[in-house]
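Swiss-Prot annotations:
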{"type": "DISULFID", "residues": "18-29", "note": "disulfide bond"}
{"type": "DISULFID", "residues": "114-196", "note": "disulfide bond"}
{"type": "CARBOHYD", "residues": "10", "note": "N-linked glycosylation site"}
{"type": "CARBOHYD", "residues": "24", "note": "N-linked glycosylation site"}
{"type": "CARBOHYD", "residues": "190", "note": "N-linked glycosylation site"}
{"type": "LIPID", "residues": "386", "note": "S-palmitoyl cysteine"}
{"type": "REGION", "residues": "391-427", "note": "region 'Disordered'"}
{"type": "TOPO_DOM", "residues": "1-41", "note": "topological domain 'Extracellular'"}
{"type": "TOPO_DOM", "residues": "68-77", "note": "topological domain 'Cytoplasmic'"}
{"type": "TOPO_DOM", "residues": "105-115", "note": "topological domain 'Extracellular'"}
{"type": "TOPO_DOM", "residues": "138-157", "note": "topological domain 'Cytoplasmic'"}
{"type": "TOPO_DOM", "residues": "179-210", "note": "topological domain 'Extracellular'"}
{"type": "TOPO_DOM", "residues": "235-312", "note": "topological domain 'Cytoplasmic'"}
{"type": "TOPO_DOM", "residues": "334-348", "note": "topological domain 'Extracellular'"}
{"type": "TOPO_DOM", "residues": "373-427", "note": "topological domain 'Cytoplasmic'"}
{"type": "TRANSMEM", "residues": "42-67", "note": "transmembrane segment"}
{"type": "TRANSMEM", "residues": "78-104", "note": "transmembrane segment"}
{"type": "TRANSMEM", "residues": "116-137", "note": "transmembrane segment"}
{"type": "TRANSMEM", "residues": "158-178", "note": "transmembrane segment"}
{"type": "TRANSMEM", "residues": "211-234", "note": "transmembrane segment"}
{"type": "TRANSMEM", "residues": "313-333", "note": "transmembrane segment"}
{"type": "TRANSMEM", "residues": "349-372", "note": "transmembrane segment"}
C-alpha cells in the first residue's frame with residue numbers, strides 16, 4: 001500500500017500510523033512527542049491494571065462457580081459460561097499486548113505472538129458479542145414465545161449454538177494470522193523498533209473488512225439486542241399493567257363485598273349460603289386471613305419491583321454495549337476510510353482510553369449477568385463456603401429476588417408471567 005509506505009517513511013511529515021484496536025494493530029503512535037501531561041502514562045497504567053484485575057477475577061469466579069455447581073448448569077448459564085471464557089480471553093490476550101507496546105513504543109513479543117494475539121483478540125471479541133446476542137434471543141424466546149421456544153431451549157441445543165459460535169468466530173478471524181506481520185521502522189534516535197500491523201493488500205479490502213466487522217460485530221448485534229430486550233421489556237410492562245388492574249379490581253370487589261352480603265333492588269339482603277374455605281380458616285385461626293392478605297400483598301409488591309428492576313437491567317445492558325463498543329468500531333471505520341485524519345486526531349492518549357473503554361465490557365459483563373442475580377450469589381456462597389453469608393433476606397425481598405431470578409433465566413411463560421399476581425402465592 002503506497003499510502004502506508006509513505007506514512008511509515010514519514011516522508012510527508014505525518015507521524016507513523018496508530019493502531020486502533022479491535023485487530024490489535026499495535027495501538028500506539030511511534031515517534032510521537034511525549035504526552036503533554038506527565039501523569040497520563042501513570043493514569044493509563046493504573047486504569048488498565050484495575051480493569052485487568054477486575055476482569056480476570058470476575059470471569060474466573062463465574063467460570064469456577066458454573067463449572068463446580070451442577071445445579072446452576074441451566075441453558076442461560078451455559079451461555080454465560082461461554083461469555084465468561086471469551087471475556088477472559090479478551091482480557092488476557094489483548095490488554096497486556098496493547099499496553100506494553102504502547103508504553104515501550106515497540107512491539108517486543110515477536111512475529112508469532114503478533115499473529116497469535118491479533119487472531120485471539122478478534123476471536124474473543126466475536127465470541128463475546130455473539131454470546132450476548134444468543135442470550136438476548138434465548139430470553140426473548142422463553143418470555144415472549146414460550147411455547148415455540150420449548151423445542152430448542154435445551155442444554156444440548158445451547159451447547160451446539162456455543163460450538164457454532166466459536167467455530168464461526170475462528171473462521172471469520174482467519175485473515176488476522178495471515179495478514180498480521182511485524183513492520184520495522186527507525187526512530188528519530190536511529191533505534192530500530194517494530195509495529196504489529198494488520199495490512200490487507202489494498203485500501204479497498206481494508207475498508208471492506210472494517211465495514212464488515214462494523215456490521216457483524218456491532219450494528220447488527222446491537223439492533224438485535226435492542227429489539228429482543230425491547231420486546232421483553234414491553235412484555236414485562238404489560239404484566240405490570242395487568243397486575244395494577246387486578247389489584248384495583250380486587251380492591252373494588254373487597255369494598256363492595258366487605259359486609260359479607262349482597263343487596264338487590266328490593267332492599268332485601270341475601271346471606272351467602274356457604275362460606276369459602278378461606279373464610280373458615282380465618283375464623284378458626286382467629287384473624288389469620290389478615291396475615292395471608294399481607295403476605296399476598298407483599299409478594300405482589302415484590303413481584304412488581306422485580307419486574308421493574310429487570311426492565312432497568314435490560315436497558316443497562318443495551319446502553320453499556322453501545323457505550324463500550326461504539327467508540328472503537330467508529331475509530332476503526334474512520335481510520336479505514338480516512339487514515340491520515342484519524343491518526344492525527346486519535347493517536348496516543350485518545351485511542352488508549354477508547355481501547356480501555358472497550359475492555360471495560362469484559363469486567364462489567366460478570367457483574368450485570370451474574371453477580372446481580374441472587375441465585376448466582378447463592379451458588380457462589382455454596383462454591384466458596386469460606387465467604388461470609390449476608391444472611392437470609394426478608395419475605396418481601398426473597399419474593400422479589402425469586403421473581404427476578406425466574407425472569408432473568410427467562411423460564412416463565414407469557415401467561416404465567418402476566419398473571420402472576422392473580423394467582424395464589426406458592427405454598
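Every residue, even glycine, has its Cβ placed from backbone N, Cα and C.
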Neighbouring C-beta atoms (10 Å sphere around the C-beta of residue 190 (N-linked glycosylation site)): 6
Rounded to the nearest Å - Cα separation of residue 190 (N-linked glycosylation site) and residue 196 (disulfide bond): 19
Mean per-residue pLDDT computed across the topological domain 'Extracellular' (179-210): 88
Helix, strand or coil at the residue listed as 'S-palmitoyl cysteine' [DSSP, three-state]: coil
Within the topological domain 'Extracellular' (179-210), residues counted as helix, strand or coil by DSSP: 9 helix, 14 strand, 9 coil
Length of the line joining the Cα atoms of residue 196 (disulfide bond) and the residue listed as 'S-palmitoyl cysteine', in Å: 45
Leading contact stretch, 42-67, 78-104, 158-178, 211-234, 349-372 vs the transmembrane segment (116-137) - CB distance under 8 Å: 78-104
Cβ-based contact of the transmembrane segment (78-104) with the transmembrane segment (211-234), 3 or more pairs under 8 Å: no
Criterion met for the transmembrane segment (42-67) and the transmembrane segment (211-234) (at least three Cβ pairs under 8 Å): no
Neighbourhood of residue 114 (disulfide bond) by C-beta distance under 8 A, where only residues 6 or more apart in the same chain count: 107, 180, 181, 182, 196
Cβ atoms near residue 196 (disulfide bond) (within 10 Å, other residues, all chains): 26
Secondary structure content, the topological domain 'Cytoplasmic' (68-77) (per DSSP, counts of residues): 7 helix, 0 strand, 3 coil
